[in-house]
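Peer 1: Next up is a structure, given as structure tokens.
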Amino acid sequence: MKIRVQKFGGTSVATPELRARVVHHIRKALAEDYQVVVVVSAMGRKGEPYATDTLLGLSEAYSQSLGSREKDLLMSCGEIISATTLSSILSHHEIKNTVLTGGQAGIITNNQHANAQIITINPKRVQTELEHGRVVIVTGFQGQTTDGEVTTLGRGGSDTSATALGVALNADCVDIFTDVEGIMTADPRIVEDAAPLATVTYTEMCNLAFQGAKVIHPRAVEIAMQTNVPIRVRSTLSDDLGTLVTNLGETDRLAGEVKDLPIIGITQMPNVTQIKIPVRQGHFDSQLLVFKAMAEHGISVDFINVNPSEIAYTVNDHAAEQAKQILLDLNLEPELLPNCAKVSTVGAGIAGVPGVMAKITEALTEEDIQILQSADSHTTIWVLVKGEDMIKAVRALHQKFDLHQLSYHI
Ligand code: ADP
Ligand code: ASP
Ligand code: MG
């Protein structure tokens, strides 16, 4: 039998009405003769009773004293509440089911608490339950070390549980049900006329996700890409199929009529600090000193521009003070600009298409937005702007590339 993995995000399981929609989608897949694995997130968002952030809030006053192992145990409760609640509803509707924790579902991780990486999946128990005709509900976001310790996979990690199970079970598709119609040309909370895309490639999706589109966790896409399991990002509220994320379409799209519209989305990442360090003539070793020191202190650097007279890069705002102190201790003279934002223009069709950067600068100049730094790859052009300009920049770029009327919308 064919296997379908269906993942329901926090907002999709938050109310009885939404949980009725979840039952509808499970029923539909069963009626189409699929064996169904359901992955659930903790119910609701920050402030709601059983959301992950709310659980974390319980120990907020003592968070420094809570061990990383215990914190993972606390965070894993939300998904257990969600999964068992869904189990009772399915049983009420006479749909045979069972609940498995991440560990019971065979998701084995390393011991990096709060951001554990999946090492392997042993799907035997899930397969046995499916063969007994049960819907298998797996608590998302969780794994287990080889020593039996509960781990979590990083915020937003239920997507990763779903695609990893999809790969291990050789599912024909992983459906990520959420509160938007699909992958959109920008975050609909920022751009009112953002439009859902019919297809995006794994590469484009990874770029969108790594650059801030939180609709799906980037690691979930990387895992699916390894064996080409298709992902559909779709709305819990409708039967529309949403956005298909696959390799298919990449070549068609690049060869086709959309060459003059190579961009498929704009994303943003706030809260970064730009660091610029002047290099004194002949002091080439400064480059090595700077990046070695950042690495030794575990500070992740991004947006790196090195030239003979200057070193420029960004760090997260929360690491900025530490980075500054390290550079001062090296007798360097860093200039810091906190609260910047990285705005990314993404599309697999960017490579070799003239005029993309010209359009980006035009859009930003028209809005009086200064580009502090820029960089590009064959699928993305990044610009660094002041944080206060971020939303204006995203909207201006979306408009300039006419993304609301892109020809491959759903
Ligand atoms: P879930 O709880 O279902 O995992 P998330 O909140 O993690 O949902 O992801 C869905 C949200 O992602 C949407 O509500 C939307 O605001 C946001 N989002 C950001 N960028 C995009 C984008 N490019 N396309 C669609 N949604 C996006
Ligand atoms: N509940 C977890 C979180 O809020 C995992 C998820 O939603 O994917 O990060
Ligand atoms: Mg999510």
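Cβ coordinates come from backbone N, Cα and C, glycine included.
Reproduced below are the annotations present in TrEMBL:
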type    : residues                                                        : note
BINDING : Lys7, Phe8, Gly9, Gly10, Thr178, Asp179, Arg189, Lys214, Val215 : ATP binding site
BINDING : Thr52, Glu79                                                    : substrate binding site
DOMAIN  : 345-410                                                         : domain 'ACT'
Peer 1: Provide, as an integer number of angstrom, the distance between the C-alpha atoms of Val215 (ATP binding site) and Glu79 (substrate binding site).
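Peer 2: That comes out at 18 Å between the alpha carbons.
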Peer 1: Looking only at Lys7, Phe8, Gly9, Gly10, Thr178, Asp179, Arg189, Lys214, Val215, the residues listed as binding ATP, what is the longest Cα to Cα distance in Å?
Peer 2: 22
Peer 1: Looking at the binding-site residues Lys7, Arg189, which one has the fewest other Cβ atoms within 10 Å of its own Cβ?
Peer 2: Arg189
Peer 1: In DSSP terms, helix, strand or coil for Lys7 (ATP binding site)?
Peer 2: strand
Peer 1: According to DSSP, does Arg189 (ATP binding site) sit in a helix, a strand, or coil?
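Peer 2: Looking at the DSSP assignment, Arg189 (ATP binding site) belongs to neither helix nor strand, so coil.
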Peer 1: Would you kindly give the Cα-Cα distance separating Glu79 (substrate binding site) and Gly9 (ATP binding site), rounded to the nearest Å?
Peer 2: 10
Peer 1: Measuring CB to CB from Glu79 (substrate binding site), give everything in the same chain under 8 Å that is also at least six residues away in sequence.
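Peer 2: Expected: Val40, Ser41, Ala42, Gly102, Thr139, Gly140, Phe141, Gln142, Ser158.
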Peer 1: Identify which of the following binding-site residues, namely Lys7, Gly9, Thr52, Thr178, Arg189, Val215, place a Cβ less than 6 Å away from any atom of ligand 3, and list them by sequence position.
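Peer 2: So the answer is Gly9.
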Peer 1: Please check each of the binding-site residues Lys7, Glu79, Arg189 and report the ones with a CB atom less than 6 Å from an atom of ligand 1, ordered along the sequence.
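Peer 2: List returned for ligand 1: Arg189.
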